[in-house]
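Read the structure below first, then the notes.
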């Protein structure tokens with residue numbers, strides 16, 4: 001038993017060398033190796049390619065190489081692109097992305113918002129695969145599982161040149177996938193992006209946009225995103241702490257709320273609300289029903305979604321959300337809560353409050369918490385514009401999907 | 001008196017215009033200053049390029065015909081034997097001159113590549129014959145429209161042109 | 001006269017059974033390894049998988065389909081071999097435990113080692129604290145805590161007198177202690193961390209790499225020959241303390257030594273894989289039913305049975321929900337069911 005693993009380890013190193021040789025550091029066609037592809041260098045690279053491809057000449061450039069050179073010349077000004085992903089890792093890119101695998105639906109969605117050619121996404125994670133309404137073009141793509149249960153063989157068999165993973169969640173699982181990929185196939189670039197956190201999303205949009213050569217579109221989308229978030233921030237600025245709207249936010253499960261570590265709590269804060277149960281470290285603490293009555297929230301928000309599967313992109317079901325709302329209101333003692341008396345009980349779907357669309361959900365929260373300050377904010381229109389203009393899917397909110405109630 | 005050859009000429013010209021359009025939806029089309037040069041005459045070939053920011057065109061001349069020169073920048077042209085490769089960088093027109101032999105006919109063929117668009121295809125062939133005289137062995141197996149399915153309308157127009165030529169000839 | 005012949009005949013038959021059994025196991029194992037390397041979600045025929053293996057051993061003489069070499073060598077081969085080694089080790093550790101505790105239902109986890117390793121892993125995952133940093137954080141902690149449990153057993157048993165009963169009681173106490181700590185850590189941790197801890201307890205061969213395989217193989221290569229060398233002493237101990245003592249076996253020292261060796265083998269395996277149950281229990285038990293409890297043959301045979309069981313379970317785990325890979329610990333847990341039902345139906349007063 002002993003000699004075999006060591007022998008195999010040595011052989012593995014031998015195998016790794018040819019694999020890395022094909023990576024090719026440096027821009028294709030950069031003859032003088034100064035890191036800049038000038039128009040003269042590009043022209044002579046083109047001629048060298050034509051010579052090899054059509055005129056029986058000898059040359060190393062094939063069609064993909066010259067296409068890459070043309071791409072880099074156009075979108076990156078002939079220079080390599082250095083980016084820092086959300087895990088803080090800096091890397092230099094010399095070639096465009098041609099075969100992308102996404103383990104995170106949020107990255108996939110962001111790529112689509114930026115107008116990335118979806119044909120170049122060769123495999124998606126299983127959750128995106130299941131979203132037939134939202135990702136119809138991904139149904140035919142390979143399914144690589146999830147970050148906790150990745151199908152590594154499938155990832156390798158689609159021969160990707162880029163893999164997208166999360167940066168700050170499921171870190172150990174993503175680190176493991178990254179390590180295994182980099183060990184066995186050094187020419188696969190691994191990018192860690194979250195694409196769902198308010199603090200980092202705008203920056204990530206711009207970074208990814210530059211990676212895929214869609215800087216203008218990236219700026220447009222980032223501005224769209226930022227204008228909504230800024231509007232929310234500005235609208236809630238200057239509200240003294242004592243006057244902030246008290247919110248009881250209930251998670252998918254009864255009497256479970258959100259607390260400090262949870263993204264939903266962060267969005268409540270961004271929308272200017274205050275969550276009286278956000279003390280303590282447990283992300284989703286269970287609360288004593290009496291405490292809710294005592295806290296007397298001004299607004300109650302109930303989360304629908306995965307654990308409470310109604311509505312969202314998959315179903316147009318306002319009655320179901322209405323039923324959820326009624327159940328809430330009819331809880332014993334709830335008729336005395338301010339929120340119920342003022343009719344400020346809402347249901348919202350996690351599809352627009354978590355993930356890449358969190359700015360839409362947060363806009364709804366802001367409007368519910370401070371209807372006067374946000375009278376002119378129209379989250380519905382923002383949502384529709386996002387779907388039609390940026391995501392490019394044919395989804396009419398008036399007749400499909402249910403995301404908020406009322 | 002002129003009516004018969006003129007008609008035939010018109011229909012052949014119609015064919016020549018229709019067939020290339022039928023064979024491609026291509027970004028690159030070729031026109032010749034003359035399809036029937038005299039012996040040793042130098043004629044111009046014009047490539048019209050639509051919507052290719054970065055790409056290439058490779059032209060192949062029939063035997064006997066020689067590449068004379070071009071207005072395209074020198075460092076973007078590669079000539080080897082009967083082939084000339086042009087690097088397209090935001091060009092809409094490339095012109096080059098060809099010297100015809102004493103006699104001979106054939107097709108000028110070409111391939112275009114759009115690097116950013118990641119596509120490539122054939123440029124519809126242009127037939128050329130010295131003094132209009134066809135020399136046999138050439139065009140066997142190189143029927144222009146066989147490479148891509150021509151749209152029905154263009155095929156009908158081509159047939160109509162042939163019929164008109166035939167009818168005009170009979171008159 | 002007649003009785004002697006019968007006994008001799010019986011013994012010869014037994015020896016033949018053992019030889020056949022072990023031979024059969026070896027053949028079955030080789031065949032199973034051969035099948036297991038062809039399993040996977042990448043679509044290769046059996047021939048292509050073997051060519052990929054040969055291409056890795058003799059580059060240049062064989063060319064494999066693109067990616068096949070990397071997939072087979074980096075993702076399949078070491079996993080299969082690791083399952084073989086892990087199964088072998090757990091089974092051997094289980095047979096040792098069953099011997100020194102004189103309990104055919106003992107397992108490597110009877111003395112609370114699994115609980116301790118889980119606690120070590122939880123501390124690493126939830127608190128981020130450990131002895132070895134970086135990628136070996138969880139592994140180092142799990143190993144350390146497993147050994148700590150073994151030492152604690154030793155300490156407690158020495159205090160009260162070393163014997164199988166005291167060890168089992170100490171083991172139960174250890175198990176409860178560490179389970180409680182793990183539960184507390186799971187409660188305190190975030191949803192993500194909880195998920196990571198639970199995943200660890202399922203037990204899987206997913207994270208195997210060539211270096212880890214080398215470590216486990218090394219430990220096995222060092223301990224198994226020694227155990228075979230001391231097999232007679234194990235036989236004596238299995239008969240009882242007095243019997244062993246009368247045969248000149250240093251009872252207390254031997255029990256502790258064997259317990260520590262079994263713990264070491266178990267620890268080095270489960271620190272990489274998480275807690276894979278039932279192999280250490282089922283494999284020696286099955287083997288004993290076929291060829292008897294003589295440790296000279298029990299150790300290698302139960303090792304082979306364990307290797308077959310774990311590799312078989314892993315192959316099922318990889319195929320049953322393809323392309324998803326089920327943690328192998330879940331499949332082995334289901335293995336326990338038919339086994340116990342069988343025992344239940346065929347209870348013999350042994």
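Note that Cβ sites are derived from N, Cα and C of the backbone, with glycine treated the same way.
TrEMBL lists C:20-40 (among others) with the feature transmembrane segment.
According to TrEMBL, the feature transmembrane segment maps to C:77-97 (among others).
According to TrEMBL, the feature transmembrane segment maps to C:109-130 (among others).
Look at TrEMBL and you will find C:136-156 (among others) tagged as transmembrane segment. Long-range contacts of the transmembrane segment (C:136-156) within its own chain (CB-CB distance under 8 A, at least 6 residues past either end) are made by residues 111-121, 123-125, 128, 130, 166-167, 170-171, 173-174, 178, 200, 256, 259-260, 263-264, 266-268, 270-272.
Nonlocal intrachain contacts for the transmembrane segment (C:168-189), taken as residues 6+ away from its ends with a CB within less than 8 angstroms of a stretch CB, comprise 101, 103, 106, 110-112, 114-116, 118-119, 122-123, 125-127, 145, 149, 152-153, 156-157, 160, 197-198. Summarising the annotation, TrEMBL assigns transmembrane segment to C:168-189 (among others).
The feature transmembrane segment is assigned by TrEMBL to C:209-229 (among others).
What TrEMBL records for C:256-283 (among others) is transmembrane segment.
The transmembrane segment annotation in TrEMBL covers C:295-313 (among others). Sequence-distant contacts of the transmembrane segment (C:295-313) (same chain, at least 6 residues past either end, Cβ-Cβ under 8 Å): 18, 21-22, 25-26, 28-29, 32-33, 36, 80, 83-92, 94-96, 99, 205, 224, 227-228, 231-232, 234-235, 238, 276, 279-280, 282-284, 286-288, 328, 331-332, 335.
The feature transmembrane segment is assigned by TrEMBL to C:325-345 (among others).
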For the transmembrane segment (C:256-283), sequence-distant contacts whose Cβ falls under 8 Å of one of its Cβ atoms, 6 or more beyond its ends: 82, 85-87, 89-97, 99-100, 105-109, 111, 113-114, 117-118, 120-121, 139-140, 142-143, 146-147, 149-150, 153-154, 157, 162, 167, 199-205, 207-208, 212, 215-216, 219-220, 223, 226-227, 230, 234, 237, 302-303, 305-306, 309-310, 313, 327-329, 332-333, 335-336, 339
